[in-house]
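Scroll down for the structure; my scribbles are underneath it.
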């Protein structure tokens with residue numbers, strides 16, 4: 001079957017924002033207007049189509065990224081609705097990796113919020129073009145121009161309105177399109193009765209006058225903002241610049257094309273206005289998705305590496321190219337089992353065919369191919385370049401794996417996974433629960449790369465790690481509901497890390513003789529601190545075979561295993577370089593095991609002089625409080641070993657930005673609530689790891705039963 005929509009008429013977009021900005025409601029309206037659903041479900045009533053998990057409907061938030069496909073004016077729009085809560089940041093990250101464009105939804109009252117900054121930064125890292133939708137224009141305190149200023153002030157984004165609202169709050173009645181200079185005026189809240197008029201026309205003047213608005217004022221405002229838009233876009237388009245300086249009229253099509261080009265090049269962010277809940281501005285936002293966000297043909301060919309030659313390669317978006325796709329999400333479906341979501345970059349794929357998982361070097365059979373709408377599905381026979389779909393039957397594929405034609409191998413850039421910052425102990429209630437818990441945790445970890453499951457080597461307890469309390473709360477809840485596992489859950493603990501702060505060299509010597517074959521391993525290793533976030537790096541600098549080549553991997557393995565259980569308090573060690581530069585071996589007694597043990601001894605010896613340190617996660621905390629509570633809040637931050645970075649006024653509130661250790665933030669919601677009579681709010685997002693103070697380090701070591709030496 002031939003493809004239904006051309007690549008030029010395909011859009012792969014994400015809808016992303018801070019929690020509660022109205023992303024899911026916006027997506028619901030998109031589905032309603034594109035004919036995908038025939039009844040609107042409200043998020044706050046737990047009836048949203050895209051928030052299909054029980055936990056999502058109970059909490060009124062998005063937890064997983066739901067995928068759906070819609071059609072708009074002859075175009076296919078593949079949409080991924082992503083979570084806004086910081087604990088589910090991997091869902092945003094893996095979605096952005098496979099999308100071509102995004103709609104950033106702002107709450108028009110608050111503008112850019114902490115998680116907006118996080119998702120914006122992630123989108124910038126992946127070079128994703130964006131349009132901005134100032135939602136909730138009907139809300140008390142909604143301010144389109146304040147929201148615009150926060151894009152520049154907090155994100156440094158070159159954002160400019162391509163629309164301006166007519167009115168705000170209860171008086172939000174319409175939108176002016178600055179490109180076409182036409183207005184849409186809404187006479188009901190269903191988005192069904194829309195009057196379109198030309199700005200400045202008699203009809204426009206009469207319509208606004210009938211609603212008690214000053215038409216002249218809005219005509220003037222529209223002309224002023226259109227002038228600013230042309231001036232901004234002229235920086236990226238010489239033809240428009242020439243016409244602008246010559247005082248010539250700029251045709252609508254030319255202006256649209258220039259905005260599209262600057263947006264796709266990630267130089268410019270068009271800003272729109274609306275209220276998804278009141279059905280205002282959603283159709284215009286859909287038009288902007290088609291007009292300004294890229295098709296798969298507009299973005300550079302996907303880059304990768306040929307695993308056989310290690311040479312760089314690429315796959316242009318075309319059905320004629322060899323098949324290449326990236327698996328970006330694994331999900332367990334109660335009806336069809338394990339689902340692997342993937343984005344096709346090039347070529348086509350039929351159900352029942354074979355592909356090569358080049359990341360794992362394993363052949364996989366594609367059972368069925370499904371087009372997803374949240375958690376419902378439609379079976380399809382073929383997928384084409386630019387499509388997003390889910391496959392049944394992939395046994396070895398995990399998040400970030402490349403799937404390709406067996407005869408044209410390529411490994412695409414994978415998905416970076418952030419380190420977990422919080423952990424807790426889980427204990428099955430019965431023997432039956434113990435057996436089921438292992439399976440449940442394994443399946444949940446397959447779905448979510450930021451969720452880690454480990455066994456404490458000393459106590460045998462199962463420890464689960466994740467991105468925050470809500471993240472682990474939801475996963476434990478899923479374990480109980482979906483897998484029927486009853487478990488006792490410990491209190492949340494901080495996921496500390498350990499590292500070396502000084503360079504040193506150390507010898508690891510292991511020799512054992514007990515009748516028959518002995519054990520002999522001898523290594524000299526130089527340890528140096530690595531850059532933050534760079535992880536562990538191993539270098540083999542052996543010359544002359546003093547440590548035979550076949551034992552070098554065992555040395556690296558011995559170091560990695562030792563680093564999993566750090567030297568100070570048993571926390572994983574990070575950001576260390578190790579250079580194996582000398583050693584000796586025995587012709588008969590040397591073995592992989594002996595060299596593994598020797599490497600482990602070298603690291604423990606190095607710890608005596610390498611100034612080992614414990615690192616703790618530092619959170620970027622944003623606290624919003626009434627002015628009269630500002631003094632209390634500054635006291636809270638200081639008492640929690642925090643550091644205030646900035647303060648800004650917003651209406652009658654003060655916004656405090658600070659870095660605070662995660663360990664000090666447990667229970668802060670209760671403290672803030674009582675200090676502000678429930679009027680204060682806070683958001684936190686992981687920012688970086690930092691050394692704990694010496695006194696705190698000693699407490700941690702004492703608690704974990706280790707000695708500082």
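Glycine is no exception: its Cβ is also placed from the backbone N, Cα and C atoms.
Annotation comment: Swiss-Prot describes 8-297 as domain 'tr-type G'.
Here Swiss-Prot flags 17-24, 81-85, 135-138 as GTP binding site, drawing on sequence analysis. Counting Cβ atoms from all protein chains shown, residue 17 (GTP binding site) has 30 others lying within 10 Å of its own Cβ.
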Assigned element (helix, strand, coil) containing residue 17 (GTP binding site), judged by DSSP: strand
Residues near residue 137 (GTP binding site) in space but at least six apart in sequence (CB under 8 A): 108, 144, 165, 168, 169, 172, 273, 274, 275, 280, 281
Secondary structure at residue 137 (GTP binding site), reduced by DSSP to three states: coil
Residue 20 (GTP binding site), number of other Cβ atoms within 10 Å: 18
